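Here is the structure we will look at, set down as structure tokens.
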Amino acid sequence: MSDPQRLQLLRSINEAADADALRSSRDHVNDRMASKRSELPIDQFYTELNEAYDAIIIRAISLAEAHMARVGMGSPPVPYAYLLFGSGGRGEQTLSSDQDSGLVYENEPNAEKAEANRNYFAQLSKQVVIVLERLGFPRCEGNVLSDNPSWSMCLSSWNKQLDDWFEQPSWEAVRYLLIVADGRSVHGTSSLLDRMKDHFFANMAKHPNIVGRMLENTMRHKVLVGIFGQLLKERYGEDTGSIDMKYGAYIPMVNAIRLLAIQQGIRSTSTLERMKALHAANVLSEEDAQSYGQAFQLFLQLRLMTTEKLERGMYANNGKLAVRSLTREMIEQLKKGLRIGKRLQRRIIKETSVRLK
Amino acid sequence: MVKKLMLSIVALLMLFPAMAFAADEGPSTGLLNMGLNSVWIIVAFVLVLLMQGGFILLETGSTRMKNAGHVAGKTIFTIGLCTLIYWAFGYGIFNGGADISEGLRKFIGWGDFFYSPVTSAGEGDSFPSTAFFLFQLAFATISLSIAWGGFAERAKLSVYLVFTIFFTALVYPVIAHWIWGGGWLAEDGAQDYAGSTVVHLTGALAAMAATILLKPRIGKYNKDGSANEILGHNQVFSALSVLLLWVGWFGFNAGSALSVGDGFFGFVAFNTMLGAGAGTVAAMLVSWAISGKADISTTLNGALAGLVAITASCAFVDPWAAVVIGLVAGVLVFFSTKLFEKLRIDDPIYALSVHGAAGVWGTLANGLFATDELATKVGVGQGGLFDTGSWHQFGVQLESVVVCGLYVLIVSFIILGVMKLVMGLRVTEEQEIVGLDLSEHGTYGYPEQMKKAQNNNIQA
């Protein structure tokens with residue numbers, strides 16, 4: 001907090017009068033954070049970056065609300081919470097994360113009013129997504145976005161949808177449940193999300209077999225280290241010699257820790273927080289928590305080094321890291337980290353399948 | 001139904017003793033032996049010829065849809081042309097019976113051009129020369145089809161025509177003569193039972209000369225030197241091709257015994273099966289361990305590499321050695337494909353690795369694993385390092401690989417180099433992109449699919 005530049009940047013975000021002003025703040029954030037990549041300890045880097053992005057998203061929502069008022073749609077008719085999923089939900093956004101979002105609003109018994117509410121929030125969400133796109137946050141390819149009606153509804157509809165997903169755990173439904181588990185309220189009445197999560201965890205207790213389905217859902221992302229401890233790199237194409245940091249290191253670990261955490265009813269969404277909570281709950285030993293934490297921080301750090309590019313004004317990244325750009329020492333660290341990640345993945349598979357038998 | 005069957009069996013049983021009694025006036029043991037041998041050689045010839053079905057499927061399966069008809073059809077065409085050239089000229093260079101000086105005979109055969117065989121086997125012959133000719137011809141066509149791997153997806157059709165003539169007349173039969181036709185390497189005792197060097201290495205090195213002169217296919221390499229994967233259009237074809245080749249290989253190897261005799265060809269077939277199995281298993285496991293994915297192409301290549309490697313040694317080694325030879329071949333083929341890719345040599349059908357690297361290994365393996373007992377039985381060379389403790393046979397094997405390799409590579413480079421100057425080897429960029437089906441033959445191998453793709457492109 002002692003950094004005056006940072007405070008000034010947060011102030012300029014909060015005061016941005018329109019999307020263009022906000023875009024320039026976002027570009028500032030990216031430039032500033034990119035230059036601080038090697039100075040800051042990694043957890044602090046992510047905290048600062050995600051704090052700034054949260055501020056930008058909150059401001060974008062305010063701008064969208066103002067736009068709604070301006071076009072005669074009024075102000076939010078009932079309390080709502082704007083939700084972030086994916087890396088945003090986990091507070092692990094990189095300089096080029098996309099939008100994964102949703103929205104939940106208070107129930108309304110009167111059908112006519114409920115329809116009006118639905119209409120208002122549909123318009124609002126649409127506006128928010130557009131503004132964020134203008135800020136260089138690309139849409140989620142899987143369409144997990146607040147402007148998709150399946151991800152924006154009143155609390156009771158959300159709960160009904162969760163029930164459906166738990167009762168019919170198709171591959172897609174399980175994927176959605178895992179996405180919801182990482183949900184975080186970035187703006188608005190966060191108790192709405194708390195109630196949604198209460199419902200989620202009540203369902204977890206009712207459907208113990210869902211854990212196995214969740215494991216199957218995430219197992220296809222393997223840690224990219226071979227049986228000789230070698231890195232499994234891309235063999236063809238322009239990324240030949242690169243390692244897929246996102247799906248071959250970071251995501252498998254996120255998945256494994258999430259699965260442990262939701263079985264314990266842990267509500268934190270950040271992976272490092274989840275590890276701490278798992279240690280507190282005696283699921284992870286002191287030693288394990290520490291080695292998993294270190295490996296994960298290394299992955300977070302190396303993710304930042306993956307090829308960044310600006311595509312049509314969007315901050316984009318393919319998650320792949322050119323191994324030849326690493327020092328020998330870093331490669332050794334990476335291999336060690338991946339071996340730890342693989343051990344964790346194996347442990348989860350073993351423990352989960354034992355429990356289900 | 002059952003009754004009828006029983007009746008005919010009883011009738012047959014009654015007939016046979018009657019025939020045995022009649023043997024006094026019937027064929028001699030020598031004639032029967034000759035007859036059995038010829039049946040086996042002709043069956044083996046048919047099996048080897050059927051291996052071309054394997055090559056058709058292998059080459060089409062490993063390449064793209066737009067070239068499928070061309071790739072498949074040209075194999076049939078070149079078998080036809082190879083037959084005529086081999087009959088007119090190639091066989092004479094391999095095994096011609098004309099009276100030429102001892103010195104010249106060390107390097108080539110002469111005579112028997114436009115081969116006109118006697119209609120049946122002579123007194124004391126163990127098989128008719130017609131059967132022998134057909135069997136040898138089938139080997140020549142196999143070597144040629146291996147070479148085509150290096151031409152795939154970008155050579156002009158006319159190149160196939162011209163190269164078939166020169167390869168069948170000047171390249172293949174010379175090597176065959178050196179090792180099998182009583183040439184100078186045969187005199188040194190070079191062991192190559194069914195042709196790891198003669199057939200496979202020869203084909204592979206011609207392919208290498210071609211692929212180097214033709215340069216990689218469009219889109220295979222990026223500007224920074226990294227390779228792209230150009231996937232074949234049908235992995236099922238590729239797998240079926242391996243099965244066809246595997247089956248045909250029993251004609252290839254066991255047929256090379258050229259006799260039924262005491263059943264030694266069964267032992268050769270036995271070793272062949274072990275080598276192939278070992279190659280398959282080793283290749284899949286090594287690709288799984290090293291790249292993290294059990295690669296199907298590598299597995300298929302492993303089966304073929306095992307077969308190629310055991311081809312030279314199937315009659316000279318004990319079964320345990322056949323397994324070792326196959327295992328090494330399977331591992332070798334995986335690293336070899338990676339190496340050629342790194343060297344920026346585009347090898348669409350993996351001919352250089354499967355037939356080249358494994359061919360070299362199989363030939364050299366005799367120098368390590370051959371046993372004196374089997375070498376004496378076959379009557380070529382002596383035991384290898386592990387049986388005799390002597391490096392002699394290994395030296396002979398190394399010599400044959402190096403000398404044959406150099407000859408094929410140099411002569412192929414000259415033939416193709418001249419062709420490149422005179423007629424050009426490669427289709428135009430536009431023709432390559434459109435595909436050879438259309439550019440060389442005017443019609444697609446898969447008309448419906450390709451037209452659909454074309455229409456989509458126009459709309460997009």
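For all residues, glycine too, the Cβ spot is worked out from N, Cα and C.
Unlike curated records, TrEMBL annotations are generated automatically.
Annotated features in TrEMBL:
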| type | residues | note |
| --- | --- | --- |
| DOMAIN | B:39-446 | domain 'Ammonium transporter AmtB-like' |
| SIGNAL | B:1-22 | signal peptide |
| TRANSMEM | B:38-59 | transmembrane segment |
| TRANSMEM | B:71-94 | transmembrane segment |
| TRANSMEM | B:131-152 | transmembrane segment |
| TRANSMEM | B:159-181 | transmembrane segment |
| TRANSMEM | B:193-214 | transmembrane segment |
| TRANSMEM | B:235-252 | transmembrane segment |
| TRANSMEM | B:264-290 | transmembrane segment |
| TRANSMEM | B:302-335 | transmembrane segment |
| TRANSMEM | B:400-419 | transmembrane segment |
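Below 8 A, the CB atoms of the transmembrane segment (B:131-152) and the transmembrane segment (B:38-59) form 3+ pairs separated by six or more positions in the chain. A Cβ distance under 8 Å defines the sequence-distant neighbours of the transmembrane segment (B:235-252), meaning residues of its chain 6+ beyond its ends; these are 43-48, 50-51, 53-58, 60-62, 139, 142, 194-195, 269, 272, 276, 296-297, 300, 303-304, 307, 311. If you look at the transmembrane segment (B:159-181) against the transmembrane segment (B:302-335), you find fewer than three C-beta pairs under 8 angstroms, all six or more positions apart, and that falls short of contact. The transmembrane segment (B:193-214) is not in contact with the transmembrane segment (B:38-59), judged by fewer than 3 CB-CB distances under 8 Å for residue pairs 6 or more apart in sequence.
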